[in-house]
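Annotated oxalate binding site per TrEMBL: ASN106, HIS111, GLU116, in sequence order. TrEMBL lists HIS109, HIS111, GLU116, HIS162 with the feature Mn(2+) binding site. Taken from TrEMBL, the feature disulfide bond applies to CYS30-CYS47. The feature domain 'Cupin type-1' is assigned by TrEMBL to 61-216. TrEMBL lists 1-20 with the feature signal peptide.
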Amino acid sequence: MAIGFLLFTILALASSLAYASDPSPLQDFCVAVNDSKATVFVNGKICKDPKMVTADDFFFSGLNKAGNTSNPVGSKVTPVNVNQLAGLNTLGISLVRIDYAPYGLNPPHTHPRATEILVVVQGTLYVGFVTSNPANPNMKNKLFTKTLYPGDVFVFPEGLIHFQFNVGKTKAVAFAGLSSQNPGVITIANAVFGSNPPISSDVLTKAFQVDNNVIKYLQGQF
């Protein structure tokens, strides 16, 4: 009887702990401060007085306009997250429009706080994502790719490196929904080779197994 009660207690405790966790982060970091010195700091955005809310707080205009793709990668992301649309605060959802010049690329990147679902409305995109490091050290990260046409949909799991490349001779357009009001984005090349201050070349030459001159060249591009 005592053993049965003990098992029941452990299971009940485990069940309650399964639901005890921090909320998903809404920004890259939130440094804790002494409560006695704090005013109002939240991991996200402070809520507006409901009596002051209007329909305009839930409205955004402009996704019908093409983004300027005159840049080295040939793509432009137009976001609609909580920073552009205040009504998204706490709702855990956002979207983007992505324009691609012919052979334009949305470079390998990750969203640390969101899964992304992408739909192509114009053009042909070669898209893909790479899995996280496998448990077996003898295995490699697996690449999943697909060529998408208008009306096709593809999902990029949260936190995984992914990309889209316009393989057509004409421009392409896609829209994507993300499962966070503030999904964040880490463009791999920019973060690794364009950080401020720069990552030590000693670190990067060892990480990428290349000559220091190659690292200096890559850092110079960003």
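Glycine is treated like the rest: Cβ placed from N, Cα and C.
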Can you give me the Cα-Cα distance between CYS47 (disulfide bond) and HIS109 (Mn(2+) binding site) in Å, rounded to a whole number?
30
8 Å Cβ shell about HIS109, HIS111, GLU116, HIS162 centroid, Mn(2+) site members excluded
THR110, ALA114, PHE129, PHE156, LEU160, ILE161, PRO183, VAL185
Which chain-mates of ASN106 (oxalate binding site) that are at least 6 residues away have a CB under 8 A from its CB, listed by sequence?
VAL73, SER75, VAL77, ILE98, TYR100, PHE163, GLN164, PHE165
Rounding to whole Å, the Cα atoms of HIS111 (oxalate binding site) and HIS162 (Mn(2+) binding site) are apart by 9
HIS109, HIS162 as binding-site residues, winner by CB count within 10 A
HIS162
Pairwise Cα distance for HIS162 (Mn(2+) binding site)/GLU116 (oxalate binding site) [Å, integer]
10
How long is the line from the C-alpha of GLU116 (oxalate binding site) to the C-alpha of HIS109 (Mn(2+) binding site), rounded to the nearest angstrom?
12
Name them in sequence order: residues not among ASN106, HIS111, GLU116 whose Cβ is within 8 Å of the mean position of the Cβ atoms defining the oxalate site.
VAL96, HIS109, THR110, ALA114, LEU118, PHE156, HIS162, ALA176, LEU178, PRO183, VAL185
